[in-house]
Amino acid sequence: MASTALVYMMTPALACFYGGLVESKNFLNQLFLAIVCMAIVPVQWCLFGYSFTFGPGNSVFGSFNNAVLRSIGLNNFYGENSDPINALTIPSLSFVAFESAFAIITVALISGAVVGRMKLIPYMIFVFLWSTLCYDPLARWIFSRQGWLNQIGTLDFAGGIVVHFASGISGLTATTILGSRSDFDPDVLKTGQTHLPFTVLGTGMLWIGWMGFNGGSALAANGMKYWARVYLVMILPDIFYENTKQKKKTCLVEYFPQS
């Protein structure tokens, strides 16, 4: 639950990070676009999102068998797992909460691509539909043991594909469709008024939250969470070196075939 709290903190941290980079006119709009995800996605996740992602079904789609978290809960006060599908090392309700935090931050990442160009009500509808039609199927394919990508050996330890790749592609698509903010307000990019201290604050909060994001993905208090942090520290110098010295971008994709 400590990792869950850290990941939940990343959404308001993201709101601060994005909000500090946009023009003053769009500052509050950016905050609302990110924070509203925390009101919509948990409801969708508990109603049927978790069932679609981790519930019974085939390798592509889930089902409504665990809708409204039916058959998911605690057998007793000691927190034994009662999830009939996923062999968990933590209580099943804790797993539900942790994964809901992933679903929230994923769609919130898209908010920076539509700020100043999308009203709140259409955006709320978009958040609900995107979580259902995009995030849930992709998360099932990779995170669920029943998913077809998981079964062929794809390993996405903490959301490189499910979270960042999916939100990045969706943000790019949304930006292409909606166009530039200057098309909506020609003067909005001329003010130069931003709130950079909020960006610094958001960066620090995201840095702290990332420890729960990666460490908690081990789903256990074992050596795996420490290796997750070590791996993060190891790749940063490599990315910096290749971007500054060799003038090329780095993309890390690893494939682990099943034996």
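Just so you know, glycine gets a Cβ as well, placed from its N, Cα and C.
All TrEMBL annotations are machine predictions without curation.
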Of 54-77, 198-221, the range TrEMBL labels transmembrane segment: 198-221
Per Cβ pairs under 8 Å, the stretch of 31-52, 155-178, 198-221 packing most closely against the transmembrane segment (121-143): 31-52
